[in-house]
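Student: Dumping what TrEMBL says about this protein:
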type     : residues  : note
TRANSMEM : D:20-43   : transmembrane segment
TRANSMEM : D:50-67   : transmembrane segment
TRANSMEM : D:73-90   : transmembrane segment
TRANSMEM : D:160-180 : transmembrane segment
TRANSMEM : D:209-227 : transmembrane segment
TRANSMEM : D:233-253 : transmembrane segment
TRANSMEM : D:284-306 : transmembrane segment
Amino acid sequence: MRKIEPFLALLLAAAMITAAVTAPWLRFVLTIALAKGIAVIGILLLLRAGQVSFGHALYIAFGAYTVAFLAPRYGDAVVLLLLAAVGAGLLGLVIGLFVTRYRQIFFGMLNLAMSMVFYSLLEKLYHYTKGSDGIRVEIMPIAGQTLDRVAYEWWIFGIAMGLAFVLGFLIRLYLSSPMGEALAGIKTRETRLEFMGVPARGVLLAAYVMSAMLGGIGGAIIAMTSRHVTPLLSYWTSSGELVFIAILGGAGGVLGPFLGAAAYELVRIYAAASFADAWQMILGAVLLLVILFAPGGLWGMAARVMKGRAQ
Amino acid sequence: MTAPFSRRDALAAGFGAVLLPSTLSAQPAQKPAEFKIGVTTFLSGPASVFGVPSRKACEMLVDQINASGGIAGVPIRASFVDEAPGTDHLVGEFRRLVQSEGVHAMFQSISSGSCLACTPLSAELQKLTILWDCGTQRIFEENRWQYAFRTQGYGTPEVLAPLLYLLKHKPDFRTIAVINQDYAWGRDSWELWKTGMDAMKPGVRVVAEMFPRFGSTDFSTEITRLLALRPDVILSTSWGGELVTFIRQAAERRLHERSLMVLPVAEASMPTLGRSMPEGHIIGTRGDHWNNHPSPANPALFNGLVNSYRQRFNEWPIYPVHHMAQAMWALKAGVEKAVAAKGGGWPSDLEMANAFRGLSFPTPTSTITLREDGQGLEDQIVGLSSFNDRFPFAVPKDMIQFPGEQVSAPVGQKSTDWLKTLKPDFIASAGARIG
Amino acid sequence: MSDVLLQATGLRLAFGGVKAADGIDLGVMKGEFLAIIGPNGAGKTTFINMSTGYLRPNAGEITYEGSRITGLSPRAIVKRGIARSFQLPQLFAEHTVEQNIALAVASRDGIWSPLTPLLRPGYRDEARDLLDRFGLSAIAHARADALNEGARKLADIAMAVALKPRLLLMDEPTSGVAASEKMGVVETLARVLRDAQVTAVFVEHDMDVVERFADRVAVWSQGRIAALGPPQQVLSDPAVQRDVIGIERHA
Amino acid sequence: MAEWFQDNGLLLGLALLDGLSSAGLIFLVAVGLNLVFGVLRIINVAHGSLYAIGAYSAASIGIFLSGRGLPDWASIPTLILSAALVGAILGPIIERLLLRRIYAQEEVVQLLVTFALFMILEDVQKLLWGVQPIHHDTAMRWLGTIDVPFGADFIPFTNYQLFVLPGIAIVTLVGLAWFLRRTLTGRVIVAVTTDREAATAMGIDAAKVFLLTFTFGAMLAALGGALSSPTAALVPGIGAQTIVLSFAVVATAGLGQIEGAALTSLMMGLGRSIAVYFEPELEVVVPYIIMVLVLLVRPQGLFGVIETRRV
């Protein structure tokens, strides 16, 4: 399965590009899906260590608001992506130094608490953030090029896709490196790591900072795509949504988050269009069915299909 | 409810082969078989108290209009989108409706955040967009929009009218406290109020500014503090469940005996509160469409709307119902104007939008004019809560009507700048008693 | 005293009312195999836990190569060359045996390289070599949580050995190993350790193993060292036979 | 400092009274969540939905019975009985049909199953009760108010909020403590909380304990909702608002600790009401600040026991 993952990734990318070419509104939806997929890789990293962050929407919102605040001043998508990643990483470092001391429920709930504090700040600091009205993000130049709207949207889609590949590739390397394998060791036998001379907390902190950066990048892309940011991005249900996507996609490979994000967005649109006042129920039911009858998520299903083929 | 089927079919096509050219607006427009509108409104979460009635009203009006021949002979079909999941979802849905389902006009939204996010799309996708309920002044004060129009009033008149009423009704008040929901409307409305109040009656002391968390279910601490402070006036622009909760808890503890309450968005909560609403407090309705409007311009139309809504849904219409109706009537008036201008031919998106600029359309109670910036001028009626035999809930008495033009910031001026220019003598000249 | 590697002086530690260490003085000589025997609950594991930084004594100190290590973290102590294995094997359950060992190998360099694979030739070869020496090659690719108790035990020790310690503390290395394999396993273990010139302390309940492999035996009883010396001498002491071995046989 | 107290002492007294009633409600909701978490090790996100359904049911039953001549005094017992009914019906259904299938799964999966359930129940509430605010305040009105002296002035408080809410919370706390310490079933629950493996090894029927505890927790959630219904108008989304705070309480209190939940609720209730008087903008973040401070000092929660890992 691992070997064919790059092949599957190319297949998925091709499908996404085809969809984006044929339907402009899908281009928008898929850009959002790619952005969320990037953020969900961060959730995946922490899940490798057996930890569930129920507050990672914080970093998405941070990345998004970084773009919204700085776009008028440093209005270039490339610069802003970098700033969002670095800024989220620094925030992740500060918060991570605290939360990585905790495990399981404490870890999850402290992350939740941090995101809710951030959410409250976005509402409270009304004069800077415009509260729930949110901040508009104008079309910005990309790498110095001023673009019209359609070209801009294509570029952001392309950047999201490119980043998904590059980051997916890097994270894949990381996960099979000693550092990544030690991260998985935190889940099963954290004390042993200490007795091997490995600082488990440091390993987790590194992953946490990476996951924060991935969240920041995802959030920046979301802001550049939806071009309007609101505090809702950091509400606890948005964090739940990220974990939802991670499990829907399956925790097997780095492709999982993207499968999950694309499926999530499309199911939500389908549910919202067909049953506008019961879309939550549909999403919840889909999630339940996947957990109960397709453990391993979409990635697991794909793996089973592949195995069936191979035999 | 036959719509979902065809929508689902369209969607199924959407995933596989939505491969219609997206350049509908560039082609010579043909008279469509049906006039599709996409409506964004809250169908879940706390604001669905407004969203669901508006959806019901929309469905009812679509049926009524179609029964009488549709718009310019074309039947309407509405699709609904929930605002609750957040901006990224909403923006995606807006695009899907325009680019994939080919709607002819968008109706959006309740939340100001949604409106701010979606209005720019009207320009990008060049699609007629009617802002049917949101109140933020930022939309038309910070930008010019070619395709977007608001068919009702907005925050500034909706706050200024109750303020003027207060200044007329109780000119000698010296202290005020505010308790608003902690989100944009709660903050904005306070800023507008304070700016106007400081201009027309300088020296009022603000003894407490409280913005409890959006969605709070317990205000007992805030109420205790208000009881202890005894401000002359308490302003709250809260709505929905929170306003009901606040008034219930406050009334039980007789806060209304110590302070005069000003509740600009009270109307929608009155049916729920029933007889537990205290009498003699200032209430508003974001417009002039009170169920006990003493002299509606078109009584038959007014009663028709109220009665058919009551019959069909077994509840009293609240202001979002009227706002939806205004949007619908504006749509009918505007499109038919555009068709007439084209001599019966079908107008392009741009021609359609242009027909709305300066459009005057009748509402049951009055007439609304869409200014050149796209903002509608809706009259405001404010009064004191009271009970009579006709309604099982509080309705206003001693009503004062403020013409929309009088209480809205002029085109091109920011509300806060304009409010600063108001003089104390404006109080006496503004508004007129009705009923 | 240059040949003392680890020296405990006046160690005391009590859990509630139970005295796990009640004034322990014990030196471990460079190159020797020291067995610790004694009844359950006497404090044998506690000694390993104190020597590796997992528990801190209430009083007394432990020095290693002449410098004090009490108060240091497990991590710092590992870095100085003390490794341990566990009574209940502490493996990374979702990794393969090979990955478990390779992680231990990699941890000597720090594990901070994020972009090169764990199973790079250097680490993998060393892990395989170690697995080979422990006779675990056949199960190299099995997941750790799928192993039987004996194999888990060996893998656990192999991980400790992979750290290239100078002193290895083993907590009941043969418990859980099938009786028929026991001697073979210990034989292998002894050879590996002697080859690598590792000093070893092991808690052991099997007196045959102790007799055959220990250079010295310490008898732990109620938080004190009741006897210390070569196996033949200690194990034939009637008091030891009565208090320790007798209990062991019946337990 | 002394001067400050002279100026604000009376206000502080009022804040205390308000804090008590709000602490009572926080406790009732959080203690059920904590009990369930202690035994099942599942953070039940749908606990908030049970709260909301308890509130809606109590209001509906109250309105129904009042219309048929139920005397006003009976409205308080009706609230409690409605809650018991909701818990007794929904608790076993959820535990048997859903949770039982996932006890062996990872923490994140368990969390998400309840998240999915939360999403489904959110829409179910809307289908059953609509979206217009519902309120039934006979219980509050029947009890009337009491005038609390405040300097030369007086402040009316409702007896319901001043006495009934804290009273029921205290009765629940004492009753729970007695039940857990003095009855066999209670001790079994404690045993499973402290050491699940040892308890099952001793032959305790874990399945029964889980069912019992979950049902009990569901009743407590519904009770919290039912008791809030006389003072609050019920609208869609109240569950989501309530549950976040309960999460913070559980993490702060320590695993399954009812006294911890009580103390935490008290701190948070008082903290919030004091904030309303002196720094209203801080009110929302006060619970999280308390949580972070407590966990800095006691990483295992207020009353939590450090789980020593045997090596």
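Placement of Cβ uses the backbone N, Cα and C atoms for every residue, glycine included.
Note: TrEMBL annotation is automatic and uncurated.
Looking at the shown structure, what environment does each listed feature sit in?
Tutor: Outside the transmembrane segment (D:20-43), and at least 6 residues removed from its termini, the chain residues within Cβ reach (under 8 Å) are 51, 99, 103, 107, 110-111, 114, 161-162, 165-170, 172-173, 176, 189, 192-193, 196, 209-210, 213-214, 216-221, 223-225, 227-228, 242-243, 245-247, 249-250, 253, 255-258, 260-262, 264-266, 268-270, 272-273.
Listed as Cβ neighbours of the transmembrane segment (D:50-67) (distance under 8 Å, sequence separation of 6 or more from its ends, same chain) are residues 29, 74-75, 78-79, 82-83, 85-87, 90, 121, 125, 128-129, 134-136, 138-139, 218, 221-226, 228-229, 232, 234, 238-239, 242-243.
Using a Cβ-Cβ cut-off under 8 Å and counting only residues 6 or more beyond its ends in the same chain, the transmembrane segment (D:209-227) has close neighbours at 25, 28-29, 31-33, 35-36, 39-40, 44, 47-48, 50-58, 79-80, 82-84, 86-88, 90-92, 94-96, 99-100, 103, 164-165, 168, 172, 185, 188-189, 192, 238, 242.
Tertiary neighbourhood of the transmembrane segment (D:233-253): same-chain residues 26-27, 29-30, 33-34, 37, 43, 45, 47-53, 55-56, 59, 118, 121-122, 125-126, 129, 131, 133-135, 224-225, 260-261, 263-265, 268, 287-288, 290-291, 294-295, 301-304, selected by CB-CB distance under 8 Å and a gap of 6+ residues from either end.
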Student: Taking residues 6+ outside the transmembrane segment (D:284-306), which of them lie with a CB under 8 Å of any CB in it?
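Tutor: Same-chain contacts beyond the ends: 194, 245, 248-249, 251-255, 257, 259-260, 263-264, 267-268, 271-272, 275.
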